[in-house]
Amino acid sequence: MAMTLEEAPWLGWLLVKALMRFAFMVANNLVAIPSYICYVIILQPLRVLDSKRFWYIEGIMYKWLLGMVASWGWYAGYTVMEWGEDIKAVSKDEAVMLVNHQATGDVCTLMMCLQDKGLVVAQMMWLMDHIFKYTNFGIVSLVHGDFFIRQGRSYRDQQLLLLKKHLENNYRSRDRKWIVLFPEGGFLRKRRETSQAFAKKNNLPFLTNVTLPRSGATKIILNALVAQQKNGSPAGGDAKELDSKSKGLQWIIDTTIAYPKAEPIDIQTWILGYRKPTVTHVHYRIFPIKDVPLETDDLTTWLYQRFVEKEDLLSHFYETGAFPPSKDHKEAVSREMTLSNMWIFLIQSFAFLSGYMWYNIIQYFYHCLF
């Protein structure tokens, strides 16, 4: 009974804090998302006159919205430590991020750790489960040009055709640079058993920290976006003699997310903040596109190799609390990712001021009309 009485104040404060955070986030969404939509509507003439400038402005607002989501975790103490290669070096090039998938918090983690990578977030296209289309952020993603993919064998071929068409219509025309893809096709806990059974049946690697990836979406993306040289080989990576407009996709960024004790953060935790402060670890490895095979069988094998490497990386992390050093280094080097509190304050202030402005404008026209 004594323990219960001692824990009561802490549990009470945790509940109050969670309710306060939830109330703030509801208010944040009620002003930020409608404001974004209003700005996009009012800027439609610019889209006709100067499409590139329109999508640049839209991308900046999109980055601010994702920055607000990142700030929710930041102020709850959910920070990020980065390992491996520095992806800032390729932030101005076209790239695909291949990410392992454990929980809904993976998306929030990426929203946070990519905020300080220049215009990457503004020019990024996400491939996410179709269920996100029906969330509060779904309309923003639809406007921005993200792709919602429906899972399941019966939908697979149709979804790949839709993805190909979506890339043709939206990627170049909206000046997109990066694509985020989760090749496993679902959360680890949901797919692990099926993946292991498939691996056993087909004599493939038996994985526990990740699942075997699917190659369909990756192949569609590479075929659609990799620029071809005259001899037919892919142009990218170190093909610096090509003009920037003709380089196409240049890099594959193999991204591995690890949570302490293999306990992923979900979106509910990110919003309510009831879990103790946690450092999520993200490891990057960059591959030039010229080193990535484009044929289906070879690409599938290459993807399997990447996820076997992820398995080893995560096994090492869970045993030691750190990722191993790369072959060229004796010690692994980590970098603490930070967000500017002043920048967060400014974008939040802009959101609430915009909400207030649009409310008054709409109210004025309503009274004029009625």
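Each Cβ is built from the backbone N, Cα and C atoms, and glycine gets one as well.
Caution: TrEMBL annotation is automatic and unverified by curators.
Summarising the annotation, TrEMBL assigns domain 'Phospholipid/glycerol acyltransferase' to 95-211. The DSSP breakdown of the domain 'Phospholipid/glycerol acyltransferase' (95-211) into helical (H, G, I), extended (E, B) and coil residues amounts to 53 helix, 18 strand, 46 coil.
The transmembrane segment annotation in TrEMBL covers 20-42 (among others).
The transmembrane segment annotation in TrEMBL covers 54-75 (among others).
Residues or ranges marked as transmembrane segment by TrEMBL: 131-149 (among others).
The transmembrane segment annotation in TrEMBL covers 343-366 (among others).
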Folded-back contacts onto the transmembrane segment (343-366), same chain, C-beta under 8 angstroms, at least six residues removed: 28, 30-32, 34-35, 38-39, 64, 67-68, 71, 74
